[in-house]
Amino acid sequence: MQLTPLHVTGGRQLGGEIAVQHSKNAALPIIVATLLSSEPITLHGIPRLSDVYTILELMHHLGTRHAWVGPNSLTLHTPEIENTDAPYALVSKMRASFIVLGAILARAGTATVSMPGGCAWGPRPVDQHVKALRALGAEVIEDGGNFFAHREGSLNGSFVFELLTVGGTHNAILAAALGEGTVTLENASIDTDVVDVIEFLNALGARIEGAGTNTITIHGVKELHGGEYTVIPDRIEAGTFMMLAAATRSRLTLTNVRPDHLRAVTSKLAEMGVDIQEDGNRMVVDARGRDLKPVNVTTQSYPGFPTDLQPQMSALLATVPGTSVIQDPVYPDRLTHVAELHRMGATITVSGYTQVIQGGTLHAAPVKAADLRAGAALFIAGLTCEGETVIDGVQYLNRGYERLAERLRGIGGEVMQPEPMLAADD
């Protein structure tokens with residue numbers, strides 16, 4: 001069934017309270033990490049997103065049985081690995097699925113995983129994943145778009161990542177968590193999602209040290225037991241709603257947030273003139289009546305400004321008079337939103353990974369999202385301007401934002417997604 005576009009009518013202030021979902025980017029590797037245990041595990045805070053259903057389809061192929069036991073609670077059980085391959089038809093849908101390589105290798109000793117897919121912008125190679133596994137004693141062969149991995153005994157040794165990689169760090173941790181070896185990872189990612197995966201594994205009996213630092217040490221254990229765990233809040237969704245409040249010059253209260261995960265975003269919005277108040281896991285973002293200032297932004301790995309919020313920041317800065325500059329060296333090709341914002345009247349000049357934005361007033365237009373975060377930029381832009389903006393490519397938004405239209409309506413947004421017309425033989 002073809003998804004119908006989002007119809008967004010903006011030009012009004014938003015207000016009220018919106019609960020931030022739990023982190024998709026932590027939930028996906030944590031779901032994969034349940035492969036390391038033969039006992040049932042219940043996860044809380046699992047967003048019902050298309051990416052989650054995709055990874056569950058792959059997990060089912062590998063031998064996992066799952067059941068939703070609450071609106072966002074999921075029990076998974078993998079008594080044994082039934083298949084050690086992750087075929088292209090499943091892996092090609094989503095890049096994050098590649099970390100099953102390390103998990104299957106740890107549990108079964110051998111794994112075959114196809115090259116990953118996901119959002120269609122730019123190259124995001126997996127060479128650091130493969131180099132890490134090889135350095136730790138696994139044999140990994142690439143042939144015809146597939147990776148064949150095998151280990152004899154436990155992984156051991158150390159590896160220095162050549163660049164910061166969240167997925168590569170996940171894969172190496174999962175591969176080394178079981179067994180009798182000791183593995184040290186240097187220049188490892190300190191991303192919040194990596195920390196959450198480590199804390200989840202340790203809750204099941206793993207022995208992993210150094211979470212939140214660039215040096216992670218994994219002492220292999222014989223087995224992991226079952227248990228329960230709650231995934232952290234989604235800092236990217238929180239940042240998206242913070243920018244929505246700023247772009248629409250509104251006051252929004254965000255709940256279920258981790259302000260300590262949002263320092264780079266908070267400081268940049270404060271520099272623009274947005275008032276932000278924190279109270280535990282609540283955050284009030286107030287841009288009412290404020291003349292926001294242009295800023296310069298450069299993306300970095302955590303704890304820097306996240307590349308996953310770069311398109312949303314472009315949409316916000318397109319509404320701020322003056323000249324702003326955004327540089328995204330993390331993913332230089334993440335620019336699919338720019339042409340669509342042009343259709344809405346934005347003035348953005350691109351050179352390499354640099355955007356020079358002359359802020360002004362946007363207008364409604366038909367646009368199309370080509371990836372998840374571009375879609376977020378477009379619904380932010382649509383809610384800033386009068387008239388109806390029709391956003392196609394809703395399938396990408398469904399990868400990262402749960403019940404988006406319903407939740408935006410809850411804070412005063414006029415956002416509709418008509419039911420699709422069914423053919424007579426459907």
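In case you wondered, yes, glycine gets a Cβ from its N, Cα and C as well.
Under the heading phosphoenolpyruvate binding site, Swiss-Prot lists LYS24, ASN25, citing sequence analysis as support. DSSP assigns LYS24 (phosphoenolpyruvate binding site) to a helical segment in the three-state reduction. Applying an 8 A CB threshold to same-chain residues 6+ apart, the list for LYS24 (phosphoenolpyruvate binding site) reads PRO47, LEU49, ASP51, VAL52, ASP234, ILE236, ARG399, GLY400.
Within 10 Å of the C-beta of VAL126 (UDP-N-acetyl-alpha-D-glucosamine binding site) we count 20 further C-beta atoms, all protein chains included. As annotated by Swiss-Prot, UDP-N-acetyl-alpha-D-glucosamine binding site applies to ARG95, ARG124, PRO125, VAL126, ASP127, GLN128, ASP308, VAL330, with the evidence given as sequence analysis.
Taken from Swiss-Prot, the feature 2-(S-cysteinyl)pyruvic acid O-phosphothioketal covers CYS119.
According to Swiss-Prot, the active site, proton donor annotation covers CYS119, on the basis of sequence analysis.
Between the candidate binding-site residues, ASN25, GLN128, the densest Cβ environment within 10 Å is the one around ASN25. The two recorded residues PRO125 (UDP-N-acetyl-alpha-D-glucosamine binding site) and ASN25 (phosphoenolpyruvate binding site) have their Cα atoms spaced 18 Å from each other. The number of other Cβ atoms within 10 Å of the Cβ belonging to PRO125 (UDP-N-acetyl-alpha-D-glucosamine binding site), over all protein chains shown, comes to 10. Mapped onto three states, the DSSP output places GLN128 (UDP-N-acetyl-alpha-D-glucosamine binding site) in helix. In this structure the alpha carbons, written CA, of ASP127 (UDP-N-acetyl-alpha-D-glucosamine binding site) and ASN25 (phosphoenolpyruvate binding site) are 20 Å apart.
Cα of VAL126 (UDP-N-acetyl-alpha-D-glucosamine binding site) to Cα of ASN25 (phosphoenolpyruvate binding site): a distance of 17 Å. For GLN128 (UDP-N-acetyl-alpha-D-glucosamine binding site) paired with ASN25 (phosphoenolpyruvate binding site), the C-alpha to C-alpha distance reads 19 Å.
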